[in-house]
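These notes concern the structure reproduced below.
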Amino acid sequence: MGTDRKGPKPLASPDLDAASINSVAASEILDVNGLPISGDSLEYAVPESRKIGVTGAVFLILNKMIGTGIFSTPSSIFASTGSVGICLLMWGVAGLLTLSGLGVYLEFGLAIPKSGGEKNYLERVYRQPAYLVTSVFAVQIVLLGFSAGNSLAFGRYVLLALGYDLPDGWPARAIAVLCISFVVFLHSVFPKWGLRLTNALGVFKVLVLLLIVFSGFAALAGHRRVPDPHNFDDIWSIEKGDGFGGGGAYAYATALLQVVYSYKGWENANYVMGELKHPKRTLSIAAPLAVVGVTILYVLANVAYFAAIPKAELAKSEVIVAGLFFRNMFGESAAAKSLPALVALSNIGNVLAVSFAHSRVNQELAKEGVLPGSKFWASTKPFGTRAASLLLHWIVTVIVLVGPPPGPAYNFLVNLYTYPNAWINGLVAGGLIYLRLSKTEGWSSPWRTWLPVVFIYLCLNIFLAITPFIPPNDDWNADGYPYYAFPLVGTGVLGLGAVYWVVWTKVLPRFGGYELVAEKIIDETGAEVVRYRKISARNAPSAERESLLRRRPVAGASADHGSYGTTEA
């Protein structure tokens with residue numbers, strides 16, 4: 001952490017002195033040896049017709065939040081706890097905790113109305129060593145920000161809808177690859193239609209959940225095809241039965257982690273702030289509306305499941321809990337048989353929302369030269385869209401889909417998707433506490449979250465990061481790998497980001513002849529221009545080279561569009 005010099009500047013460059021460029025139209029820039037250098041420029045300006053309003057932002061959040069989780073995870077959550085009341089409490093508490101996290105992200109997002117989400121917030125706080133936190137975040141978001149889980153779920157539910165009850169195998173994976181390929185093609189070539197389909201599927205998801213909720217009310221009134229399961233006779237009792245209960249602290253921690261996973265996506269609009277109409281107003285309305293609505297639907301959907309499914313069946317239903325609910329409510333009817341198709345559409349809606357937002361983060365990282373081949377990944381060619389950064393998202397997703405063998409290895413990678421976020425979110429929450437308490441930071445935001453709420457969110461993420469290391473009461477290898485494997489590897493991925501930072505900022509500049517640097521300029525229309533240049537570093541004095549590496553933009557130094565602060569060692 002450190003202080004920064006705030007104030008409007010016409011440009012911000014990670015590696016060049018502000019004095020080296022006198023205007024946006026500068027035609028000649030000198031390298032560290034005093035020789036002119038040239039480079040290519042990429043301009044980023046989203047047309048107003050493609051910007052997202054309140055309704056679009058709501059559905060962008062809804063589509064990421066409502067994926068496979070609510071249709072599958074209630075089974076494993078009950079199996080871990082063995083209590084109806086504790087399960088319902090977990091879903092409600094997770095909603096409140098999600099709202100606490102939303103408060104943190106609203107305060108950051110409205111103060112720093114730029115695309116990129118946590119990247120900007122972490123950079124605003126953890127400014128020394130330069131680029132370290134950016135590198136850690138970049139490795140985590142690129143390697144683990146895949147859409148493999150919902151793409152594979154789409155493939156499996158499509159096969160179920162066609163009458164094939166197949167596990168995680170090559171037919172499902174082939175459909176999953178087609179799913180992510182279609183999504184990336186649509187966002188790349190027909191971006192307006194990509195957003196329209198995202199909105200349409202958002203409406204559809206809400207209707208499906210409302211169908212489950214109102215069917216649950218009917219079940220409570222006695223209208224079901226099965227006897228009353230009596231799950232609400234003593235909802236707070238903690239039972240241990242066939243396939244449920246008795247997991248201990250580890251089981252409760254992983255259950256809460258799964259509930260939080262089902263809410264994941266509430267921060268989705270923060271990733272694309274640069275593409276929102278009136279971003280501050282849009283985010284402050286859309287995000288709370290989406291999160292409160294989803295919380296109510298999630299709790300009521302779980303009430304519906306318990307109203308129609310006996311405990312032993314629920315604990316063993318695994319990913320088809322919603323299918324079991326429909327069977328118990330409607331029998332082997334067309335309504336029950338159509339459920340796999342409904343869930344498949346929900347899955348592809350999630351893939352649409354995740355790929356749209358994560359590709360924007362990939363592009364933001366590339367625009368700062370953080371990624372290898374940054375110039376390519378930041379490009380908007382040939383369609384004037386984020387086709388290149390979408391391609392990066394597609395590559396990682398397909399590798400995760402086709403690389404691991406079916407079974408535990410694949411499940412391990414999908415579980416790994418969520419864990420490092422606990423560390424990232426904890427760093428964001430802790431950073432906000434620091435900014436609020438530090439008198440030298442001069443922090444201000446149009447949104448101000450009550451500090452105890454920020455502290456609660458920090459404690460939640462510490463809990464989610466630490467408790468998976470606590471041994472379970474039962475088999476240590478119940479999932480096919482040691483219980484500590486996914487938190488250990490997840491933490492290791494963050495450590496890999498630190499290794500990447502050493503290689504990128506220390507090793508390569510020392511042994512390489514040139515560095516590709518990215519200078520950011522905000523032109524008179526408000527459009528962002530990124531100019532990529534090769535800077536000779538071999539002959540520069542060591543102290544000067546260090547200065548070049550440490551001189552960089554500070555995201556959010558000013559809430560004004562196009563204003564940056566600089567940090568120097």
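Residue 1 is the first one shown; counting continues down the chain.
Note: Cβ is positioned from N, Cα and C throughout, glycine not excepted.
As recorded in TrEMBL, the features of this protein are as follows:
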type	residues	note
TRANSMEM	52-71	transmembrane segment
TRANSMEM	83-108	transmembrane segment
TRANSMEM	129-150	transmembrane segment
TRANSMEM	170-190	transmembrane segment
TRANSMEM	202-223	transmembrane segment
TRANSMEM	283-308	transmembrane segment
TRANSMEM	383-404	transmembrane segment
TRANSMEM	416-437	transmembrane segment
TRANSMEM	449-471	transmembrane segment
TRANSMEM	483-503	transmembrane segment
Closest-packing stretch to the transmembrane segment (483-503), where packing means Cβ pairs under 8 Å, from 52-71, 83-108, 129-150, 202-223:
129-150
What residues in the same chain, six or more past the boundaries of the transmembrane segment (170-190), come closer than 8 Å to it by Cβ-Cβ distance?
147-148, 151-152, 154-156, 158-159, 164, 197, 347-348, 351-352, 355-356, 359, 383, 385-387, 390-391, 393-394, 397-398, 401-402
Answer with yes or no whether the transmembrane segment (83-108) touches the transmembrane segment (383-404) by the criterion of at least three Cβ pairs under 8 A, sequence separation 6 or more.
no
Grab the same-chain neighbours of the transmembrane segment (83-108) for me: Cβ-Cβ under 8 Å, and only residues 6 or more beyond its ends, written as numbers and ranges.
74, 77, 117, 120-121, 124, 231-232, 235-239, 245, 255-256, 259-260, 262-263, 266-267, 270, 283-284, 287-288, 291-292, 294-295, 298-299, 302-303, 306, 311, 425, 428-429, 432, 445, 447-450, 453-454, 456-457, 460, 556
Out of 52-71, 129-150, 416-437, 449-471, which stretch touches the transmembrane segment (283-308) the most, going by CB pairs under 8 Å?
52-71
Beyond the flanks of the transmembrane segment (129-150) by 6 or more, those residues with Cβ under 8 Å of it:
14, 67-68, 118-119, 122-123, 176, 180, 183, 347-348, 350-351, 354-355, 358, 361-362, 365, 368, 370-371, 392-393, 396-397, 400-401, 413-414, 416-417, 420-421, 424, 427, 493-494, 496-498, 500-501, 504-505, 549-550, 552, 567, 569
Intrachain residues whose Cβ lies under 8 Å of the transmembrane segment (52-71), provided they are six or more past its termini:
149-150, 153, 195, 198-199, 201-203, 205-206, 209, 258, 261-266, 268-269, 272, 275-277, 281-283, 285-287, 289-291, 293-294, 297-298, 301, 319, 321-322, 343, 346-347, 349-350, 352-354, 356-357
